[in-house]
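Asker: Let me begin by handing over the structure; questions about it come next.
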Amino acid sequence: MDEEEEEEVTDLKLQLFHNTVREHIIFLLLIILLYSSSYVVVSRFRRRDRDDLYSNDEDEVLVYRISFWLCTFTLAVAEGAAMLLPVSIASNEVLLLYPNSYYVKWLNSSLIQGLWNHVFLFSNLSLFIFLPFVYLFSESTGFVGNKKGILPRVYETFTVFMLMAIIVLVLTAVLSAVFGIEKLQFFWFLNLGSVHLPFLYSCVSFLGVMLMLICTPYGFVRLFGVVNQVLVRPMLLRDVNEEFSAFYMEEASVKRKLAHIELHNVSIADAANGGRLGNRIGLGRGRTFYPQPLLQHSQAHLYQRKAMASDVDELNDRLRELDSERKELDKLRTSSTFQRTFVYPLAMLLLLFCTAVTILLVVQNTLELLIGIKALPLSTRQFALGISSLSKLGPFGAGLEVCLIFYLGATSVVGFYSMPFMRKVCPKRRQTSLPQLMLNCGFMLVLSSALPLLSRIIGITNFDLLGDFGAIEWLGNFQIVLLYNLVFGTTTALCLANKFTATVRRELRARLVENYVLFTNYISFIN
């Protein structure tokens, strides 16, 4: 009996060891995959003249590469945070469909739980350590009096970073004492990892969720405009070839006018220079006299050239408009019939469907919170994968939840970068500097870390937030969750109503103004 028990214990230990090794291998493969995709994205946006500028300075090249690598890692963590809920929901449905399959034995609760814990850990490291350190490291020059090199810059960066960390941690301790989470004591730093750092991440997640409250409803509206710009709209009662020919002829006419004005300006300049050389009379050293008719002639040409300059500006503006319209028509001409007839309407219908379902789920979640049927998003029970489906519609409902989560992420990003204060920070292809990359990676990390919280708060899914994500204190506040649902649903409905009724309201306002003017004119005529 003792030998059998020892063999069972040994088998359990071996199984636990193999499971741990397998999970770490899966995590490593996921990190490599996410890092590779993030590297492609960051390389697409970064400005390459920085490498050429410091190609002869090895220290600057090393600093730039380290900063670039950590920015890429931060974006990879952001992608992982955005994928947490979809991967967890899909894993639960796969285990329900194939509970005894040999090929999904590696997919278990321990793997998903570890994935959430790793993403939470790397999110904290990237947000509070890597990004601040990278920014300070890229801007550092070393203390005064030290030689140039990497080590003096590391010393300066570490010193400034430690001072900033002390300030932030002291403020966090004060805020936690103000909100009643823990009393401020002399040895408050002993509870740094268990109380203050989770509270700091809770504050950051709250700011991220509030930012998504502003960006997501606006993104619902802006996404329709983005699809309208990217996809080719159907041609209803339009002869595109005839319009293209008309725009092409008008563009050629504008170009001829610009060439004629430029030739006329050159001839005027040559005539003025020739007249000055042939007709000027010297009246002494340093003074030149021009006859009166020549002065009048030059002034007349000056006025004429000013008028022509305004004409040139108008013609250039019109030429740019014609060029953009001609490109749009050319895209219409070269697009296929299937793309014009089916893709654009299907995309619009899909956006309308996702938006309508999101609003209905928010309304349902709000009513269930008021009645008391729905529990708060704070995780309170033990997690187990593959026991029951999270949706009443089964795999179809789970797939719909995954699509809605991705839709929320897309709308929040589109709405965030459509804000007026983000126009200068918005990344551009091959034109984004390293500080802008750091800032955008930080924003993406905050938004993606808040995406699971947003999806759980507004009732998109019933999947519990795992790990430390579900232990955020303010998720258990009924007033905050209910108010968030009310504001989110109301704001989204108002933004969509404003989007789809703007043309009708504008036309109605114009008609009312026109009728008012006619009525006032009629009254004044009678009087």
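A Cβ is built for glycine as well, from the same backbone N, Cα and C atoms used for every other residue.
According to Swiss-Prot, the record shows the following:
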| type | residues | note |
| --- | --- | --- |
| TOPO_DOM | 1-22 | topological domain 'Extracellular' |
| TOPO_DOM | 44-65 | topological domain 'Cytoplasmic' |
| TOPO_DOM | 87-117 | topological domain 'Extracellular' |
| TOPO_DOM | 139-160 | topological domain 'Cytoplasmic' |
| TOPO_DOM | 182-194 | topological domain 'Extracellular' |
| TOPO_DOM | 216-341 | topological domain 'Cytoplasmic' |
| TOPO_DOM | 363-395 | topological domain 'Extracellular' |
| TOPO_DOM | 417-433 | topological domain 'Cytoplasmic' |
| TOPO_DOM | 455-468 | topological domain 'Extracellular' |
| TOPO_DOM | 490-527 | topological domain 'Cytoplasmic' |
| TRANSMEM | 23-43 | transmembrane segment |
| TRANSMEM | 66-86 | transmembrane segment |
| TRANSMEM | 118-138 | transmembrane segment |
| TRANSMEM | 161-181 | transmembrane segment |
| TRANSMEM | 195-215 | transmembrane segment |
| TRANSMEM | 342-362 | transmembrane segment |
| TRANSMEM | 396-416 | transmembrane segment |
| TRANSMEM | 434-454 | transmembrane segment |
| TRANSMEM | 469-489 | transmembrane segment |
Asker: Is it the case that the transmembrane segment (434-454) and the transmembrane segment (195-215) touch, counting contact as three or more CB pairs under 8 Å in which the residues of each pair are 6 or more positions apart?
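Answerer: With 3 or more qualifying Cβ pairs, these stretches touch.
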Asker: At a C-beta cut-off of under 8 Å, are there same-chain residues at least 6 beyond the transmembrane segment (118-138) that contact it? List them, or none.
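Answerer: Sequence-distant neighbours of the transmembrane segment (118-138): 27, 63-64, 66-67, 70-71, 73-74, 77, 80-81, 84, 153-154, 156-157, 160-161, 164, 168, 197, 200-201, 204, 434-435, 438, 441-442, 445-446, 449, 467-469.
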Asker: Summarise the topological domain 'Cytoplasmic' (417-433) by DSSP state, stating how many residues are helix, strand and coil.
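Answerer: Its residues fall into 4 helix, 1 strand, 12 coil.
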Asker: Which sequence positions outside the topological domain 'Extracellular' (87-117), separated from its termini by at least 6 residues, show Cβ-Cβ distances below 8 Å to it?
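Answerer: For the topological domain 'Extracellular' (87-117), the far contacts come to 19, 22-23, 26-27, 30, 80, 383-386, 388-390, 394-395, 398-399, 401-402, 461, 463, 466-469.
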Asker: Can you count helix, strand and coil residues in the topological domain 'Extracellular' (87-117) using DSSP?
Answerer: 23 helix, 0 strand, 8 coil
Asker: Determine which residues of the chain contact the topological domain 'Cytoplasmic' (490-527) at the Cβ level, with the cut-off under 8 Å and only residues 6 or more beyond its ends counted.
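Answerer: Tertiary neighbours of the topological domain 'Cytoplasmic' (490-527) are 213, 216-218, 220-221, 224, 355, 358-359, 362.
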Asker: Counting only residues 6+ away from its ends, which parts of the chain sit with a Cβ under 8 Å from the transmembrane segment (396-416)?
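Answerer: Same-chain contacts beyond the flanks: 82, 85-86, 89-90, 92-93, 211-212, 214-223, 226, 354, 357-358, 361, 389-390, 422, 443-444, 447-448, 451, 454-455, 460-461.
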Asker: Take the transmembrane segment (66-86) and find every residue of the same chain, 6 or more past its ends, with a Cβ under 8 Å from one of its Cβ atoms.
Answerer: 30-31, 34-35, 37-39, 41-42, 46, 115-116, 118-119, 122-123, 126-127, 130-131, 133-134, 137-138, 402, 405-406, 409, 434, 437-438, 441-442, 444-445, 447-449, 451-452, 455-456, 461, 463, 469
Asker: Same chain, outside the topological domain 'Extracellular' (455-468) by at least 6, Cβ under 8 Å from its Cβ: which residues?
Answerer: 85, 88-89, 92, 112-113, 116-117, 120, 198, 201, 209, 358, 361-362, 364-365, 368, 374, 377, 379, 381, 383, 390-391, 401, 404-405, 408, 475, 481, 484-485, 488-489
